[in-house]
Amino acid sequence: MNQSLLSPFGDAITRVEAALTALRAGQGVLVVDDEDRENEGDLIYSAEHLTQEQMALLIRECSGIVCLCLTDERVKQLELPPMVEDNSSQYGTAFTVSIEAKVGVTTGVSAADRVTTIKAAIADDAKPSDLARPGHVYPLRAQPGGVLTRRGHTEGTIDLMKLAGLKPAGVLCEVTNVNGTMARLPEIIAFGEQHKMPVLTIEDIVCYRKSLLEKAS
């Protein structure tokens, strides 16, 4: 990762702390993974603060495949099976079956309907019968251990929510360019400046978590 491009956002610790502040305020953040991995940037919001306007931005400015990152415990609570029995995707992205709220939606695809589905899935008393399957929201199961176990956007999202003191559930979507290609770091930084969103990397989150572990030891 060309960290020099991120220098205006401070060092790794500063970038993570800026992201946590933004998430607590209900704002979005942009997270870029390793260049030798997907080399993509995701726009991430906390699920509990998610608004219809934010969902519309995800649909309009990103790939449109809006994913809901959940802990293993929440996936079990909702009884969401894996999308496939044999996951052969390159990075083992842990999609479950897609979901839809059973109450309060129409076709399920509008920004408002997708927000309703996400709020139903993260409710404290959520139960499997609250959700229809399949639907237009794509849950992702985060690995226990977060980015220290798997350096993916799914784990990065859950780690950020936990570090921010928020409900451990987040919404993400890959940022794309106007021509449909995937946005890389220069375009993601420009997107962040346009929308006043902090930019950070998975490596930043790894460094931040390791620094906390060192302080605790």
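From the backbone N, Cα and C atoms, a Cβ is placed for every residue, glycine too.
These features come from Swiss-Prot:
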- ARG37, GLU38, ASP42, ARG150, ARG151, GLY152, HIS153, THR154, GLU174: D-ribulose 5-phosphate binding site (BINDING)
- GLU38, HIS153: Mg(2+) 2 binding site (BINDING)
- GLU38: Mg(2+) 1 binding site (BINDING)
- HIS136: site 'Essential for catalytic activity' (SITE)
- GLU174: site 'Essential for catalytic activity' (SITE)
Using CB atoms and a 10 A radius, I'd like the single residue among the binding-site residues ARG151, HIS153 with the highest neighbour count. HIS153
Let me know the DSSP-derived helix, strand or coil state of HIS153 (D-ribulose 5-phosphate binding site), please. helix
Enter the number of other CB atoms within 10 angstroms of the CB of GLU174 (D-ribulose 5-phosphate binding site). 19
